[in-house]
């Protein structure tokens, strides 16, 4: 019996608004059978629904709730709803994303405008409140449009996007560990869901082969490589398995329907009803990439959009026909409803790096629910742009020269050297499903459960486990240097979606080769073209390079320590985190309180 079958976890959330009104929300986590794509399996429901309910708060609301608890126990924790923007909640208990424990959060902007001091270190890592006129005026100078976009952003549409499998997380992990092979989640995920709805499509192997991203097989895989009728690459490729590893391989223990044997199911796709008579025809949409592995691309037929927020942080808006987002990211877009009223397909496929898989939803103008679909497609089933113009007008976050989404208002890190630098070498160790953040150390899913680092920050000192911990000083500037494709057996590294809790980071550098510099400042002097300290992006989730030909890559992320606490830094691909790809960063540990408040004492 699954661990969830015996568990009923009740989480209570309270918040007090400006009128001193207290609101209570109770989240009941249960485990039962469902069929979000038309094929039954057990999954997690929250308050009887999947995905979990959207939580909408106002900025600076005081929130009270419970941390993860054992049955029969309780614990109340308190925090402020901040910063405003598009966020999401989920669990890091093993691979519970695979089982459906995730939901959207929207913290609505409130308060009055405040001065934004660019020369103040703390302000550089914060965002302003209040007036967003400067944001919307980059989209339209019309005063009515500016007011309308402000209203649309206050009350957006929510789209929680996930990849979905017929296997539970425990079943999926067991397939890899029993077989001794890396079984990509793409192999077992036949569906893309939007707001918990989707279908299983089986268009045929030849169709899927033709939908491969141009040049992918030629660049990454041996000649003659073909996808299966589920759009999956062969599991035994060296580029997938890495190695050689000193373990026994048992491919016969992989269930027959994992990679091939597509079984179609008709169900339903999500429908987003929009009203062109509201907000001067503007609608805001919040996308949450609650995927476990998939890097998705999204577009709306005949409707370009303005991307104005990434990871809960405003960016200078840019207009696109499609955009790529990785697991763990959140995007907010503004769309002008200026087309012929009708029903338009939203295309949300896997981007094609791990699987050829289509996903769909519908955007329907109010009153047109019964009309036939209309519009011009910008993306194919497999996520390929339908024309050179669409490709030119699409957002790709691969590297510095294709990622132009700088923060609004302008917000840049301190130039020159940081106060602290930490080199982290990422890759696989010992087995195709074991992943490290620091050369050889594997982060267990129950790391320091008995002696939490929040209460015992020195618990790992002088032990092997200290390789899983970084410590920083409060008020310091920190550079995290990530190196991929250098560990033995992992020179053809897959991409990683690196997410830091507790603070956002600027990606100030990205380049090829092995990091062999004494400092970031030295690297900047030798390779200025690989750095950007004037307009770098500011986010909490970043993608590393997909080393197609075995070439090494590095990235440099800079942040300011002003939020003391123990924070997880990890890959947001569930299989990678489950395999050990995480590290604890004890930010500002010198500023932690000496005495733990009584109510937070461990019992």
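Positions of Cβ are set from backbone N, Cα and C atoms, glycine also.
570 is the residue from 106, 570 that Swiss-Prot records in the Cu cation 3 site together with 92, 501.
The separation of residue 501 (Cu cation 3 binding site) from residue 90 (Cu cation 2 binding site), Cα to Cα, is 13 Å. A straight line from the CA of residue 246 (N-linked glycosylation site) to the CA of residue 576 (Cu cation 4 binding site) spans 19 Å. Taking the Cα of residue 496 (Cu cation 4 binding site) as the reference point, the closest of the recorded positions 92, 269, 474 is 92. Other Cβ atoms within 10 Å of the Cβ of residue 499 (Cu cation 4 binding site) number 23 in total over all chains. Secondary structure of the domain 'Plastocyanin-like 3' (460-588) per DSSP (helix as H, G, I; strand as E, B; remaining residues coil): 20 helix, 50 strand, 59 coil.
Comparing local CB density within 10 A for the binding-site residues 90, 496, the maximum falls on 496.
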